[in-house]
Amino acid sequence: MSASRGAVIWMTGLSGAGKSTLANALHQRLMEAGHAAIVLDGDVLRRGLNADLGFTPEDRTENLRRIAHVAALFMQQGFVVIAAVISPEHRHRCSAREIVGDGFIEVFVNAPLNVCEARDAKGLYARARRGEIPHFTGISGPFEAPLAPDVVIESDRMPVDESVDRLLAHLAAMGRPGH
């Protein structure tokens, strides 16, 4: 696969919206079709590459800047990069798009807050509501819905397989690895 054929699928949405589930399902389908693909999961990266960062506005900006640069490096090698990151602010997503350049696809994985809370197996929303987690996106921290995402996935209404099909079709329409 040529370097010009890589892409970065930047999945944004609240915690519990289904970003990681969708990212892993898309990754599996891409790999089965013989495409080079990688998932950059925000939670995983925060435990490793970005373990030195907290959740202050400055640290969130740096976290997403690093992820965008890593994503761009993989894309330049022809990978389809699936970044599953909350990226709560419009400016963060604009910055990521600028860093990545051509091949950036913003995907809004949307689900109502009550659905995200119901899916929360770790109890993070409950802890945030008790004030135990400051700056928690959607509770004590803002989430700015994307203004013009390339793709919107309503994860509470659309099955994962159908969502993957929609993303693969979008990739194919862009001339990127897909079907």
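Yeah, the Cβs are placed from backbone N, Cα and C, and that goes for glycine too.
Listed in Swiss-Prot for this protein:
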- SER87: active site, phosphoserine intermediate (ACT_SITE)
- GLY13, LEU14, SER15, GLY16, ALA17, GLY18, LYS19, SER20: ATP binding site (BINDING)
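Overlay of Swiss-Prot annotations on the structure.
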{"residue": "GLY13", "record": "ATP binding site", "DSSP class": "coil"}
{"residue": "GLY18", "record": "ATP binding site", "DSSP class": "coil"}
{"residue": "SER87", "record": "active site, phosphoserine intermediate", "DSSP class": "coil"}
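Separation of the C-alpha atoms of LEU14 (ATP binding site) and the residue listed as 'active site, phosphoserine intermediate': 9 Å, rounded to the nearest whole number. The binding-site residues listed here are LEU14, ALA17; among them, ALA17 has the most other Cβ atoms within 10 Å of its own Cβ. Note: the Cα of ALA17 (ATP binding site) and the Cα of SER87 (active site, phosphoserine intermediate) are spaced 13 Å from each other. Counting every protein chain shown, the number of other Cβ atoms lying within 10 Å of the Cβ of SER15 (ATP binding site) is 23. Of the listed binding-site residues, namely LYS19, SER20, the sparsest Cβ surroundings within 10 Å are found at SER20. Annotated pair SER15 (ATP binding site) and the residue listed as 'active site, phosphoserine intermediate', C-alpha to C-alpha distance, rounded: 10 Å. For GLY18 (ATP binding site), the same-chain residues that are 6 or more apart in sequence and have a Cβ closer than 8 Å to its Cβ are VAL109, ALA111, ARG119, ILE153, SER155, VAL160. Separation of the C-alpha atoms of LYS19 (ATP binding site) and the residue listed as 'active site, phosphoserine intermediate': 11 Å, rounded to the nearest whole number. SER87 (active site, phosphoserine intermediate) sits 13 Å from GLY16 (ATP binding site), counting Cα to Cα. The Cβ of GLY13 (ATP binding site) lies under 8 Å from the Cβ of LYS19, ILE86, PHE108, VAL109, ASN110, ALA111, SER155, each of which sits 6+ residues away along the same chain.
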